[in-house]
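As recorded in Swiss-Prot, the features of this protein are as follows:
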ACT_SITE  179  active site, proton acceptor
ACT_SITE  297  active site, proton acceptor
BINDING   127, 177, 181, 298, 330, 382  substrate binding site
BINDING   205, 207, 208  Mg(2+) binding site
MOD_RES   205  N6-carboxylysine
SITE      337  site 'Transition state stabilizer'
């Protein structure tokens, strides 16, 4: 005699609890969980939907970013499900937002493919950000275990080797993005590069959206740029470079452009964040194998990193990109035109440069993390900065940084070379003051005025941009301390 539906369900329920049950009761919430050194840890900012318990929301995030689906499935019994389930183990209210919670989640290391940013992110940020139980969700920080970090190559070149290749130590490197970013012919583009490097800069660079457009094809740009680099290097006696953007529609085309850049003598190539994690790792491997510095422009990152309650904090992107193997990444200026709270930006720079991270809640660093001897990634500051801010830039960002003055070089009324010279003289005056033990931050304006007495281009720059400041309150600020904008 055929069994009824009710009888079949009763028999199945003897073997396992079926149906839809709360995530917290399925094992995805465990306040007594003891974190292992090998666990992948993630810190999410969770805004539950009205009426959803924060514990259940935390468990839902853990479940949907690991093994769960919307209902219990019997095939769980074919796995080590107790091991593979992510465990939300701590929920703290956000001090500045009563409807938000910091959720700590631990993942077993076996859930992730070795050496793959793509696989790591497919779990951690894959489906869960569209989950209905949460109103908003942001990945604030991660602790990548030592053993997992060892499966990544890290930066292709690193800060120390880059400085040795350039023979430039003890100061920030100086750069400039060619402006206008679109519309120049190859020959005019190369002229901008030559003028900037001859005036004292270390690098010129392509902007994120210069690839191979009708007004300037990539091969022409590379040839004219390298002519400018070589002439400026010969005239100055310094090693110079210009970031050649190899971003393209396919990996085959990226390789073609990178190989040509190497053939014409470039020391550095550039890619955009929008090419994707797998492509970034692939180009980092190529760069290491070919002794090339790899610059990453974070094009597109603010679409998901800027809003405080939803998306991915840039410190997490910084960790992923250091693992992936980029040598440079834009990481904020504090004083420029782009988003940048001083304390939060300091956390980004520490993430890229320190060999080991300590917990620093004001900076947004929630976990200790040893970088497992991966090389440092050099932060890049660009966007609305000029020579008159040099004391602030050195104070907030330190010396391991590339300071890129685009408009602050090319917008100089006496020309590109004069703009470059103004920046170089301002930097060297400030570094000298620092080395002499002076309070260069508070004395900065006077130090610059004194240097300008012997440098007409610097005086012109100070006169032109003296009143320029971008005093907007940052969108992404610390949850634990109040910080004013840097220029106030």
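Using the three backbone atoms N, Cα and C, a Cβ is placed for every residue, glycine included.
For residue 181 (substrate binding site), other Cβ atoms within 10 Å of its Cβ number 13. Once the Cα atoms of 127, 177, 181, 298, 330, 382, the listed binders of substrate, are compared pairwise, the greatest separation found is 37 Å. The Mg(2+) site, placed at the center of the C-beta atoms of 205, 207, 208, has further neighbours from the same chain whose C-beta lies within 8 angstroms: 177, 178, 181, 206, 209, 210, 243, 245, 270, 297. Neighbour counts of Cβ atoms within 10 Å were compared for the recorded positions 297, 298, 330, and the top value is held by 297. Residue 208 (Mg(2+) binding site) falls outside any helix or strand according to DSSP and counts as coil. The two recorded residues, residue 177 (substrate binding site) and residue 297 (active site, proton acceptor), have Cα atoms 11 Å apart. Within 10 Å of residue 207 (Mg(2+) binding site), counting C-alpha to C-alpha distances, fall none of the binding-site residues 127, 298, 330, 382. For residue 382 (substrate binding site), the count of additional Cβ atoms within 10 Å of its Cβ stands at 24 [all protein chains shown]. Residue 208 (Mg(2+) binding site) has a Cβ environment of 20 other Cβ atoms inside 10 Å. You'll find the Cα of residue 298 (substrate binding site) roughly 14 Å from the Cα of residue 205 (Mg(2+) binding site). DSSP gives residue 127 (substrate binding site) a coil state; it is part of no helix or strand. The recorded positions considered are 177, 179; of these, 179 has the fewest other C-beta atoms within 10 angstroms of its C-beta.
A distance of 26 Å separates the Cα atom of residue 297 (active site, proton acceptor) from that of residue 127 (substrate binding site).
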